[in-house]
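Take a look at the structure below.
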Amino acid sequence: GDACSLLNGDDCGPGELCCTPSGDHQGTCETSCW
């Protein structure tokens with residue numbers, strides 16, 4: 001998905017979550033996190 005950052009708040013679209021598998025602030029927008 002698109003890049004997102006938890007530091008800037010969740011900049012993902014409706015129904016998308018900012019997934020950060022590495023536990024970092026940087027992640028990607030996905031419909032579900034696993």
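Note that the numbers count up from 1, one per residue, in the order the chain is shown.
For all residues, glycine too, the Cβ spot is worked out from N, Cα and C.
Sequence annotations record features per position, and here Swiss-Prot assigns disulfide bond to C4-C19 (among others). DSSP classifies C4 (disulfide bond) as strand under the three-state reduction.
Taken from Swiss-Prot, the feature disulfide bond applies to C12-C29 (among others), supported by a curator's inference. Its Cβ placed at the centre, C29 (disulfide bond) has 17 other Cβ atoms within 10 Å. In the three-state DSSP scheme, C29 (disulfide bond) falls into the strand class.
Sequence-distant neighbours of P14 (4-hydroxyproline) (same chain, six or more apart, CB under 8 Å from its CB) are absent. Feature annotation from Swiss-Prot assigns 4-hydroxyproline to P14 (among others).
According to Swiss-Prot, the disulfide bond annotation covers C18-C33 (among others), on the basis of a curator's inference. All protein chains included, C33 (disulfide bond) registers 11 other Cβ atoms within 10 Å of its own Cβ.
Taken from Swiss-Prot, the feature 4-hydroxyproline covers P21 (among others). Long-range C-beta contacts of P21 (4-hydroxyproline), restricted to its own chain and to partners at least six residues apart, with a cutoff below 8 Å, comprise G27, C33.
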